[in-house]
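Trainee: Pasting a structure here, questions to come.
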Amino acid sequence: MEERLRKTHIGPWRLGRTVGKGASGRVRLAKHSGTGQLSAIKIISKGCGSKGFVSHIEREVVLMKALFHPCIVKLYDVWENKSQVFLVLEYLEGGELFDLVARLQKVPEHQAVSLFSQILSGLSFCHLLRICHRDLKLENILLDGSGNAKIVDFGMAIRQPIGRLLRSSCGSPHYAAPEVISGKTYDGLKADMWSSGIILFGLLAGYLPFDDSNITRLLQKVRRGTVDFMKPRFSFLAEHLLRELLQVEPEYRILINKASSHPLLLQHGVRVPAPSFDSLNTRLWDNLVKLEGSIVRSLKALFVELSDEELMRSLTNTKYVCRRHISTALLTITGSLVERKSFTIFCLHIVKDMLIHSKCIAILLKRFLSHSAQ
């Protein structure tokens, strides 16, 4: 502990005061010694060094690298030592959305809808990649200097493969969906939509729909999912959207594309653009990759159905552009050990059920590599 308290620098970043604490680490303000740029450095202890916990850190790093979007906090750099990992993040001086609600008591509908649309925009990009945040709450939405909302803290985030459900119960019980706290398998994308509904309710009402000092009673209330829509006096369209988001049965819960075009948003002149990779660098690589032995082994472990000859032939075939770019990324990626390991794991994890989206994956990899080199 004393050693951590004495730490004053992480690379070129001079550490300042602690500005936040969470389940996965604490955050300190930092200033770049050369440029004077401010950042927020999230300090994560590696704990006992168990493989599971280290993999958890690696997953958070690579997901944040992949999620390059104006409504998601930016990850600038990653540093590590034997005991800690340091995530150098965009500094958002506007503070938590929770503090805004506490200050205003409740947020005017037009402002609330504008903020909610920004949350949906960032979340849409996550869900495009099938990344579930799993800890959406007012405290994990920060505001920049212009009052724009950005999603932060991907410590609980995970990618949900197509056709599979999640099992781990996580997140705050006040915001968690009924199926999550019930210990059932669940669709993380739909669980995120419930949490976004709790956020919208909190913005408009000034308090959360489910609350109790006794955790057992709180969980019972969430499982029942009975929301009192009489006291806050929402507008007709606001109540309609909230009812759609806070459906207890996930199969009836509104999906993010429908929520993004709900009449409430349209009434306030708010448009949530459909997520796409069009704004990223779309130039694909044409050079054939000379693969290292370790990368060949990784690909063979993934594509077990292919012989060595079939695997190598597929890497020269434009039909399998995804495999080519995965291989290139594994070979050329730079950065810390955590970044290299986690990105490798991420690539091998996603490619199997997303080959039909090979161009999107290739663009994502291109964006990741160019961002890593900055």
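The backbone N, Cα and C atoms fix where each Cβ goes, and this holds for glycine too.
What TrEMBL says about a protein is an automatic prediction, not a curated fact.
So TrEMBL has the following annotated:
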DOMAIN    13-265  domain 'Protein kinase'
BINDING   LYS42  ATP binding site
Trainee: Using a 10 Å cut-off, grab the number of neighbouring Cβ atoms around the Cβ of LYS42 (ATP binding site), all chains included.
Mentor: 24
Trainee: Tell me, roughly as an integer, the mean pLDDT over the domain 'Protein kinase' (13-265).
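Mentor: Value for the domain 'Protein kinase' (13-265), mean pLDDT as a whole number: 92.
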